[in-house]
Amino acid sequence: MAFGILNDKHLTNVPGTGLLSDLGIVHGAQMTITEATHLKHGTGRDAHIILIPQPSDDPRDPLNWPRWRKEALFWTLAFAASLDGALSPLASAGYVLLSQQFRVSVDEVTSSFGAILLGLGCFMLFQGALAAKFGHRIVYLGSVSLMFISCIWCAASPNLASIRASRVFQGFGMSALQSLTATTIEQIFFVHERGIRTVIWSFAILAGITLGPLICSYVVENISWQMGFWLVSIPLGIGVILVLFFMPETTYQRAQGLEQSNTTSADEKQTSKDSTVEILSLEQQSLSPPRWTSQLKIYNGTFSDENLFKIFLRPFPFLLSPVTVFLFLVHGMQTVWLSLVPLCSSTIFTLEYGFTASQIGLTNLGGLVGILLGMMVSGPLIDHGVVWMSKRNGGVYEPEFRLLFMSSMLFGLFGYVGWAVGNDHHMPWIGAVACIAMLNFSMIISGSAAVTYLLDTHGPNALHCLTISNFSKNMVLYGTTFFANGMVLNRGVRTSLLILGGCHGFCWLFSIPMYIFGKRVRSYIARNPKLFAARGT
């Protein structure tokens, strides 16, 4: 029992548990674990870290790519993710102004622009299947291109019906950058590198959510809401070019080992295995690292012989995975509560402080401060923290170590409750902005920990869990756009914020049993391969 994590009663070696460091701390003294000497390690200051997963000897393996290629791909994804985040709430600061312009209710404007969530949620179910069949590159390129085209369409829309249709297609384009990115991180980075990458990805999306409405609020107030979308289409066009040149295909089919007949003797098995390994080694030695230009093909063929419809059905059995339920509650629903703040900010700050659109946009600076603080804290803490705990656990890594960082959700709870109580006491606007900072601080740390835990637990199948979670989250969020602002108007700011705080606190409580029983959950997943081992991923 390591740090309160219950051991499993069924399996001796539970998948996910493994050596992360060849150093162990015994009675305060550092000891080298000799069993790990034959495994591949990191380099430099990470030389004591055992690489999980173990890379192959093939230079085409994304885990073996040169650092510059990995960084170019990742930062292209981060740039595109920031634009993805900006699109959803882009015009939210001007919803009250737009309701007056179109002569409809604020909720009708919100639901029209919120149609992006409908497209986002629905297409997530399809883009995962497309990525498994045709690879990640073509899906990313198609997604960013669709975001670019539909952004121009939205800017040229004359009415709410056209806006609603264009936003659905924007959602189609956004889906890959909110779910596929996690599996791309899993494909090119090792376990001890994933925490900071997940934090940066979350930061990029949340920074877009924060800065998009802030900048657009001035454009809405002084020019027009359409100009905001025209301006965003410029970096989206740049994003299409970056994806085209700096995002090669990351799907790589690893050898899963040799399947031997039960009638084969142990010596014959070993001889056959040695021969095969020798042949593979000779083949890999003849391979040279792929040229950059050779990886610019848009279409790279198929990566699965399975029927596309069967691939589409893969995620649904993962509804039975406790990790999927956990991810939906602590990451998906936390995103819903947080997303409701910018959706309702126009109503809240107009009611309480009489703010203009540009002033409402400036309140997003609080979110940006929270995101930056969260990134500064969690970036080095999540990855180095689990290495530190592994060393004190005899060098053994447990994925549940990451769940200790879910305690950051308490900052979000204090943010909602503090804002509600402060609002009743006529708290100045800076207090409300500070509460928004706490909400984003909570999200950046706990969200990154939850997604990284998913990658460690389900590995290549993490996309299926993330697809189900994100689909459910976006459907819930889209549903709330029809009544969220009306709830604030009818029930008041205080009651609305307390409801959000209560929901947030309930979701946080779910992380406690997940930490304690997480190892047994992983054992349950491993013992039910027909459900949780999708083939051809």
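Each Cβ is built from the backbone N, Cα and C atoms, and glycine gets one as well.
Bear in mind that TrEMBL entries carry predicted annotations, made automatically and left uncurated.
Since we're looking at a predicted model, the values are computed, not measured.
Annotation comment: TrEMBL describes 73-537 as domain 'Major facilitator superfamily (MFS) profile'. The transmembrane segment annotation in TrEMBL covers 72-97, 109-126, 138-156, 198-220, 226-247, 318-340, 360-382, 403-422, 428-455, 499-517.
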Exercise. Mind checking which residues reach the transmembrane segment (428-455)? Cβ under 8 Å, same chain, six or more beyond either end.
Worked result: 182-183, 185-186, 194-195, 198-199, 201-203, 206, 210, 323, 326-327, 330-331, 334-335, 337-338, 341, 348-349, 352-353, 355, 363-371, 373-375, 377-378, 382, 399-400, 402-403, 405-406, 408-416, 418-419, 422, 462, 465-466, 511
Exercise. By Cβ distance under 8 Å, which residues at least 6 away from the ends of the transmembrane segment (138-156) in the same chain are close to it?
Worked result: 77, 80, 83-84, 87, 127, 130-131, 162-163, 165-167, 169-170, 172-177, 180, 226-230, 232-233, 236-237, 239-240, 243-244, 247, 298-300
Exercise. Do the transmembrane segment (403-422) and the transmembrane segment (72-97) come close, with at least three CB pairs under 8 A (pairs 6 or more apart in sequence)?
Worked result: no
Problem set entry | Intrachain neighbours beyond the transmembrane segment (226-247), with Cβ under 8 angstroms and 6 or more residues off its ends | 72-73, 76-77, 79-80, 83, 86-87, 90-91, 137, 140-141, 144-145, 147-148, 151-152, 154-157, 212, 215-216, 219-220, 296, 298
Problem set entry | Touch test for the transmembrane segment (109-126) and the transmembrane segment (198-220), at least 3 Cβ pairs under 8 Å | no
Exercise. Are there 3 or more C-beta pairs under 8 Å linking the transmembrane segment (198-220) with the transmembrane segment (499-517), counting only pairs at least 6 apart in sequence?
Worked result: no
